[in-house]
Amino acid sequence: MGDYIVRMTAAQGTVRAFGAMTTEMVGQAAEIHGLSPIATAALGRTMTAAGMMSKMLKGENDKLTIQLKGDGPLGGIVVVSDSKANVRGYVHNPNVYLPLNERGKLDIRTAMGYGYINVIRDMGLKEPYIGLSQLVSGEIADDLTYYFATSEQVPSTVALGVLIDATGVIGAGGFIVQMMPGAEEETVATLEKRLIGFPSVSKLISEGTTPEQILNMLLEGMEPKIVETVPCSFKCNCTRERMERNLISIGKKDLLEIFEDGKGAELQCHFCNTKYNFSHQDIENIVKENVK
């Protein structure tokens, strides 16, 4: 079974929930970027979150960007998703290695450090919606829980996980459960109780538990209903034309310098590492068409 996102409602629509299996997507990102295990886990968690949050977008052409910037060795993470859960992303420093933390786990908290999380929703309006909050733990799931509470005023629980062994990514996924207006205190209390000691989501996924089963474990007795199930994948939208526009955007002075150098130019996409080569003749054509 491939990666996918499931969206559910429960408790007469006062709870909405999203579950994700993203093992293949995270493994592909790790391979494309040559990520260390700790960078794989950090980027994978963020990509999983973006995939689920893309199903909160209303318009077909809407886009979601999650930016994390920390003072730890990873530096930062950028992930973009469209409304169809086509996700792409990169980490600033892909080859970070740190000792395991006191629980014997990958120390993402130290790798990310303290800083901020930025969520940008581009809905095709003049200005995108931008939400900002602090990184409170660097673990990403806790940071998004805090973001939803403070920036969007939506009480939420976010769980994200990436399980890695010597062969690579063997389990990745997550869930987001949110309280909507009208949610009863009893519902909130039941969920809080179930979350105490809840198994690791990446371990559950690696053992074959589906996102639906995970959400049903959390929402049992609340009449959970599946709203939609959609595929989720690593997909970049870079093209040679887009890279040519990037070349043009560097400005007349720098473009002329590249032309006069006579060697052409090589541009590389941050998101998928695809390289685009522009010969000296290509640069000459770009200069003729765009430099007056």
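The backbone N, Cα and C atoms fix where each Cβ goes, glycine too.
Model, not experiment: these values are computed from the prediction.
Annotated in Swiss-Prot:
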type: DISULFID; residues: C236-C238; note: disulfide bond
type: DISULFID; residues: C269-C272; note: disulfide bond
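C269 (disulfide bond) falls outside any helix or strand according to DSSP and counts as coil. C269 (disulfide bond) and C236 (disulfide bond) have their C-alpha atoms 9 Å apart, to the nearest angstrom. Note: the CA-CA distance between C236 (disulfide bond) and C272 (disulfide bond) rounds to 6 Å. C238 (disulfide bond): 18 other CB atoms within 10 A of its CB, across all protein chains.
Close to C272 (disulfide bond) in the fold, though at least 6 residues off in sequence, lie I32, R88, F234, C236, C238, each with a CB less than 8 Å from its CB.
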